[in-house]
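Colleague: Let me give you the structure first, and then I'll get to my questions.
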Amino acid sequence: MGASEPVVEREGERREEEEEEDKGEEEGNERKDEEKGQVLGVKEKVIDNSNIGVNNDLPNRLGDSHVAMMQRLNPTNPLRIVINGSSRMPTPSPSQTSLPRSTPTPQPSLTTLNSRRYTNRISLFLFVLHMVVAVGLVSFLIFKGIQGLTEASDSVKRKERRILKFYLPQVETASLLSITLAFVWQKAVRQWPKFMVQFILWSSFLLSLSAGILLICFQRATTDGVGVCLIAFSIGNGLYACWVTQRIGFCSKILIKSLEPVPKFRDLNQPTYCMLGVGFLWMSLWILAVIGAMNFYFTPLIIIALVLSLAWTAEVMRNLVNLTVSRVIALYYLRGMQSSSQFCFQRALTRNLGSACLGSLFVPAIEALRIVARGLNLLEGEDEFMFSCAHCCLGIMQSIFRYGNGWAFVQIAAYGKGFVQASQDTWQLFERRGMVSIVDLDITSSICFLTGVCSGSICVIVVAAWTAKVHQTFTATLSLLSFFIGYLMTRIAMALPHACVSCYYVCYAENPDTRLFDRTIKDQQDMMNSDREVVVPIPRRFSTNS
């Protein structure tokens, strides 16, 4: 018993010492918690006073409650660590306070595809005014023609009856034949594009030559003049076909690729049907007006005014089809959308009609003058007296071409831009992508033009042979008129493939990385650049040797 008592006392002393150490640690932790709670309460009071500024007793109570809660928490409790970490207000470093706040940069807004404004309103007003005058003049001339048949003298009646008998049937036949040929050409180009490019180039040469020879065979002064003009045109056509032989392959590839989306839109040809139907009706009234003008004052001037009016109206019809097809195909390339052709046609008839009128008025003249300037530049030799202004003329036409070109109809249809703005933006887009030389090599517009020449030549052959059999006096006049009608009607139908090719170029220039485009244009650019690299170093090598 005596031996065990010291051991028990030692164990009791150890226990007391351990209890005293635990109490000391607990008291130290409580002091730390109290200090932290006081600091937290002070910070919360400062924050609350700065933010609220009313009733200072409420923050004191909240601070006391936070201190009491934190005293009851274990120091190793994660909840307490989180509370302590979140309660600390970090002081910003001097570098952070000195830096200004970054403002977000505004993102550029995408060009809308649903513009609701009317483009080129002045040209729209002029075209509407022209149509009002044209309808009034045609109606008045038809009335004069009917009046001549009913109330005029016997000689005038006989003259008008002869005109109606030997004049009107040929013209109506030429209109129906040209519409039929228009659909045949369009279907053939869509079905066999590679073959039709070469066929159109050489058939236009042969058909225009045949029509000219046929008119010369009638041995009349008027028919000889028209025949010589057709033969001269056929010679130039043959030279052009030989000159563009190297471009046929690339043009065929682009035509094949650009026509691939057409089967996806079954109603894409409906605007063409509508425009050809309206064109046939207007052409029939126009012919009656021409007949009535023969019994009115200033007959030549009135007929020239009617011809110019018909040319502008038919060109507007063609560009309406162009705008409709361009919007459908452009939305397919740019957004992957399958739009309704009827809705796009209504948009072209309303909001974009002014641009169609302005483009129809200036694009044919600008392109014709540009072709003339290029021809002078190609013929330029050492004769400085004759061709000293060739480069100047070409430069002027190139600058004018930037403000008015046929490529603009794609952006007019897609974005609702004005004609001049769309021409500038499209040409700048070609320059930025390095595609100016590529689009200059394209001969699609020439193919469509020569298709109209083929239809016009066929109409001349049919109408001239018929008229020479029944009334040879009208042969030259009806030949010119039938050629004009055949050309205009076919150009309306050929607006579809032309618009598809234009959309392919312009949409490729906007986004060449789309999966809808292949490497046809890219490979052509690489080949042209490699040819330049081969040709350019040659003068340098000679200059160093000299």
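Glycine is treated like the rest: Cβ placed from N, Cα and C.
What you are looking at is a predicted structure, and each value in this text was computed from that prediction instead of being measured.
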Colleague: Under TrEMBL, the annotation transmembrane segment belongs to which of these stretches: 297-317, 486-506?
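Modeller: Spelled out, TrEMBL records transmembrane segment over residues 297-317, not the other listed ranges.
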Colleague: Are the transmembrane segment (197-219) and the transmembrane segment (297-317) close enough that 3 or more Cβ pairs fall under 8 Å, when only pairs 6 or more apart in sequence count?
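Modeller: Answer no: the transmembrane segment (297-317) and the transmembrane segment (197-219) share fewer than 3 Cβ pairs below 8 Å.
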Colleague: Are there residues at least 6 beyond the ends of the transmembrane segment (225-244) whose Cβ is under 8 Å from a Cβ of it, and what are they?
Modeller: 201-202, 204-206, 208-209, 211-216, 443, 446, 450, 453, 457, 460, 476, 479-480
Colleague: Go through the chain and flag residues at least 6 beyond the ends of the transmembrane segment (197-219) whose CB is under 8 A from any CB in it; none is fine as an answer.
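Modeller: Distant Cβ neighbours of the transmembrane segment (197-219) are 185, 189, 226-231, 233-234, 237-238, 240-241, 244, 248, 251-252, 255, 443, 447, 450-451, 453-454, 457-458, 460-461, 464-465, 468, 472, 475-476, 479, 483.
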